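The structure follows.
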Amino acid sequence: MQCPHFDAGECRSCPLMGVSHPVQVADQQRVLRELLDPVTGPDVHWHEPLAGPESGFRNKAKMVVTGSAQRPLLGILDPRQHPRHHDGTGVDLRDCGLYEPGIATALPLIARTVTTAGLPPYDIASRTGELKHVIVTVSPDAELMVRFVLRSTDTLPQLRRALPELQDSLAAAGVPARVITANILPEHQALLEGPEEIHLAGAPTLTMRVNGLPLNLRPQGFFQTNTPIAAELYAHASAWLDTTDARSVWDLYCGVGGFGLQLAEVRTPGGPLPVGTPREVWGLETSADAVAAAQVTAEELGLADRVRFAVGDATQVPTTSPHPGASLASLPRPAEPGGREGDLPGELPGAVVVNPPRRGIGEDLADWLERSGIPHVLYSSCNATTLARDLARMPTYRAVQARMLDMFPQTAHHEVLVQLARR
Ligand SMILES: C[S@@+](CC[C@H](N)C(=O)[O-])C[C@H]1O[C@@H](n2cnc3c(N)ncnc32)[C@H](O)[C@@H]1O
């Protein structure tokens, strides 16, 4: 992939731009193995890395708005300036090759709305102006969620007046806006968004259809960056869990429920449980928006009797679980070698999926899992360094299989899924 902004030095978001994609993937697999092999040992079955397209894969654009209402720039603050002494000059990245085509189509139309509505971009040097960011997400059905991040509600009336024209133009371009919101971020801080979200038009959620599951995304909910690779990630988790006899699973850091909903029944033939065997799922997540959206999907799929999502801190799972008896003080003993789910004290699940942010699951949860007796863990990580650190605290688990998924081409980041089984 070639990028004029990278070549000009005006965007540094893609440090591997210019390195051929197969070399990027092979290098990352090598680095990953160097980090994990000392912890997991040699017996893991490493699948070939799974790569998708090297461009046009990002389903979300987070654009800083600079320039003027007449000539808005949608992109980033010029990275050649020092952040502390930045004069607010921006670089327009509407043509960034990483975005899915639906976003590339939408951005010029959204920029036109900035002009029509007369929204003055926020200027970080003078701390004046209103429009800070535009955040656009595109679904696999080519529908959009468009969010205007504003300093205050002052320009909301003029934005509202301009919306019908934006909606018409997006629909005519084949990328209808399913959700439009304003997010209010009053503080002068390097944050993407604030806590207050004002619904302006359309539905409350964007449907992200993944492997046939209608995942519901609310404005502040997390969604994996690269939809086709996310689909592969959930499908792998499903196939790998289907090699076990787990009939219940906890989805920790569940977001909008992608793992949990995919794992709600056995889907792969040839495993110990027949295809269609239902699983109990309990998901935990700190974002109330994401939990509400996950619960709606469970209800839409008719799974609400056995698939439940809750707001809570996964690192406190023993006390916030649906099994309050399983507090830190009354941890179940590890299963005996060869023990099965049914042998465990209490009502702990047959398997746990963890998919934490870059900081990993941390000491408390790793130690709890280590002592829990839970037979199977699927760890999906976007940071191999914290993954290796967490796995080192869980020596009772043996890594069975692992795969790198190329979620973030052009960068040194990737996703890795590891299946663990209690020794
Ligand atoms: C990498 S995302 C994974 C989301 C989801 N599993 C998916 O596939 O889309 C991490 C998620 O963890 C949530 N999170 C962060 N810290 C958490 C915590 N301490 N407990 C529970 N969830 C947390 C974030 O809000 C985010 O949705």
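Heads up, the Cβ atoms here are built off N, Cα and C, so glycines get one too.
For reference, TrEMBL lists these features for the protein:
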type	residues	note
BINDING	Gln224, Tyr253, Glu285, Asn355	S-adenosyl-L-methionine binding site
DOMAIN	247-318	domain 'Methyltransferase'
REGION	315-356	region 'Disordered'
ACT_SITE	Cys382	active site
ACT_SITE	Cys382	active site, nucleophile
Excluding Gln224, Tyr253, Glu285, Asn355 themselves, which residues in that chain have a Cβ inside 8 Å of the centre of the Cβ atoms defining the S-adenosyl-L-methionine site?
Phe222, Asp251, Leu252, Cys254, Gly255, Gly258, Phe259, Pro356, Ser380
In this structure, which of the recorded positions Tyr253, Glu285, Asn355, Cys382 has the fewest other Cβ atoms within 10 Å of its Cβ?
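Minimum Cβ neighbour count within 10 Å, taken over the recorded positions Tyr253, Glu285, Asn355, Cys382, occurs at Cys382.
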Write out how many residues of the domain 'Methyltransferase' (247-318) are helix, how many strand and how many coil, based on DSSP.
23 helix, 18 strand, 31 coil
Let me know the DSSP-derived helix, strand or coil state of Gln224 (S-adenosyl-L-methionine binding site), please.
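Note: Gln224 (S-adenosyl-L-methionine binding site) is coil by DSSP, not helix or strand.
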Please find, for Gln224, Tyr253, Glu285, Asn355 as listed binding S-adenosyl-L-methionine, the greatest distance between any two Cα atoms, in Å.
15
Going by DSSP, is Cys382 (active site) part of a helix, a strand, or coil?
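Reduced to three states, the DSSP call for Cys382 (active site) is coil.
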Long-range neighbours only, meaning 6 or more apart in sequence with Cβ under 8 Å: which ones does Gln224 (S-adenosyl-L-methionine binding site) have?
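In sequence order, Ala230, Leu233, Gly258, Met407, Glu415 meet the Cβ cut-off.
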Measuring C-alpha to C-alpha, could you say which of the binding-site residues Tyr253, Glu285, Asn355 are within 10 Å of Cys382 (active site)?
Asn355
What is the average pLDDT across the domain 'Methyltransferase' (247-318)?
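Mean model confidence (pLDDT) across the domain 'Methyltransferase' (247-318) is 93.
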